[in-house]
Amino acid sequence: MEDFVRQCFNPMIVELAEKAMKEYGEDPKIETNKFAAICTHLEVCFMYSDFHFIDERGESTIIESGDPNALLKHRFEIIEGRDRTMAWTVVNSICNTTGVEKPKFLPDLYDYKENRFIEIGVTRREVHTYYLEKANKIKSEKTHIHIFSFTGEEMATKADYTLDEESRARIKTRLFTIRQEMASRGLWDSFRQSERGEETVEERFEITGTMCRLADQSLPPNFSSLEKFRAYVDGFEPNGCIEGKLSQMSKEVNARIEPFLKTTPRPLRLPDGPPCSQRSKFLLMDALKLSIEDPSHEGEGIPLYDAIKCMKTFFGWKEPNIVKPHEKGINPNYLLAWKQVLAELQDIENEEKIPKTKNMRKTSQLKWALGENMAPEKVDFEDCKDVSDLRQYDSDEPKPRSLASWIQSEFNKACELTDSSWIELDEIGEDVAPIEHIASMRRNYFTAEVSHCRATEYIMKGVYINTALLNASCAAMDDFQLIPMISKCRTKEGRRKTNLYGFLIKGRSHLRNDTDVVNFVSMEFSLTDPRLEPHRWEKYCVLRIGDMLLRTEIGQVSRPMFLYVRTNGTSKIKMKWGMEMRRCPFQSLQQIESMIEAESSVKEKDMTKEFFENKSETWPIGESPKGVEEGSIGKVCRTLLAKSVFNSLYASPQLEGFSAESRKLLLIVQALRDNLEPGTFDLGGLYEAIEECLINDPWVLLNASWFNSFLTHALR
């Protein structure tokens, strides 16, 4: 049978069928009848779609070989044969564009003329039997069903056969030929008997033993068993008066629904206290790069070689001294650590062959900075379980901090354009279907808007640092490895450029669990004088390490160069997410895409080109105390990207809590704006849940202040 399938069907169909079977863990060499059935079904779907187009007047037309320049659109979108993720993407896109109800199961085709999804069936049994099985499985009146059999019979929903006689005859003839070919090889009987009915997943699976007891224990009050709870839930009518439903749920609940009016919400209370401080793993707007253009030195691409080459571009090194000490740290150790880096880099250069990695000597200053031997000794629980006053450390609650202006400046800077490109346009191959062409066009427009954005630089920097640190943590667990902080970009003229921001030194890293911490010391170049905002840099010890000549309109000026040094830590799971910062553009691209989809459905055509090329139109970007801020579509793309990047850079439990809880209040306010007359109960409890996340995190405090601006303008 396998040989027959490979001879009988087009190689592309065979390849798609193999892929589909592998996706479900099935082997085409073993389940040969299933292999043949999938190939047959795919071929019928393709034949159904072949030669059917919609012309410029919106009429359905059949063209077998005509003018390639005619403005024709394929009448059918083929969904069958794509991998599941792509297939659902196509289905979602069609539903968003056309407003058709989303099907529960993946259909096979979409008919742009009749505006409906089609489920194609090919059966070796009675068409009526198979039709009923399909209809029972799909349970949707919106999806059109069309069944063919190998005996030339067919059946379709409401006897509406969609295609003309001739097109259907072609399909029936092909099925009859396949049957004859199989019969002549003695394969038909086995194939005919192997067809199973439509398989539907049984939704109720039995819970037994411990899980059953746990389920019975974890029910809401007044329910004695899971079965009774299930019966109650199945019979629960969701529409109707909320208060009645609540009282029906439990004797404990007596919620009073209060109307939510324009005057109801109050602003969020932001904490008082000293201004919040910088807590990102690396400097953002204040970072300074030492760069080389068109790098072609020996060992180019090896981080240590690149770093040494970048260091040689700067000639203003001076004897370092401390200009802003760290409040709690032993500051001379930070100074000695930098001197040690300079000395050991010098040692490398004196060697004949520069090594690929550099492990620092374990000096007392580095041991102190990396917390070596500082962890309390671990004792086996068996040895101390009898200690009467055994308890956990008392940990101090975080002290509240107030919102500082620097975090808004930091965000504004992330939305700006730089003079370099930080991402290349992907080479993804030719587009085949119309939907792929639209997707590529959107991606290219979006990439053009964000490739020069500073937030994109932060993505590449974050990915590089986290990847290098995770690699070193696994490969050199006991070593204090020196890791250069590097990024690569292209100048306006298209020349390659390698940048050095500074160095990290990794501490001991025996990371068994995802949350085990590896300490590191970061040393980063900057031209920002820390004394202007000392509260912002409280976790840093800042050294002055030299003077840099800068070209300005008035000629060359000399500016002091600083080194921001701090002890920091991260974990395997944080590094894993840091390495995946390239996902940020996807999130913002999806948000832009939903804006385009909304516009397209109003205009009933794809608006991608107009959306990006109409430079005169402005779009809402966000709220500020001044009102709704507006900007070009490029600015919207960059702002959305910067938000996504900052969510990654400043990820924290406070942000998780604030995002989840404030969203509830946001939805209530949106309902009020849409005149849906929302009602609430325990609004005070919701405010409490939001405000307990407003402690000291700069990004959360900024988001809360934006939320307050939104409340003010939304409820005018």
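Cβ coordinates are placed from backbone N, Cα and C, and glycine is handled just like the others.
A quick note: this is a predicted structure, and the numbers were derived from the prediction, not measured.
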Matching residue for the Mn(2+) 1 site, where Swiss-Prot names Asp108, Glu119, Ile120 - out of His41, His52, His297: His41
Candidate ranges 124-139, 252-267, 412-427, 508-523 [criterion: Swiss-Prot lists as motif 'Nuclear localization signal 1 (NLS1)']: 124-139
Check: same-chain CB within 8 A of Mn(2+) 1 site center, minus His41, Asp108, Glu119, Ile120: Val44, Cys45, Glu80, Pro107, Leu109, Ile118, Gly121, Val122, His146
Chain-internal residues, separated by at least six, CB under 8 A from Glu119 (Mn(2+) 1 binding site): Phe105, Pro107, Asp108, Lys134, Ile138, Thr143, His144, Ile145, His146
C-beta crowding around Asp108 (Mn(2+) 1 binding site), within 10 angstroms: 23
Other CB atoms within 10 A, centred on Glu80 (Mn(2+) 2 binding site): 22
Integer Å distance between the CA atoms belonging to Glu80 (Mn(2+) 2 binding site) and His41 (Mn(2+) 1 binding site): 9
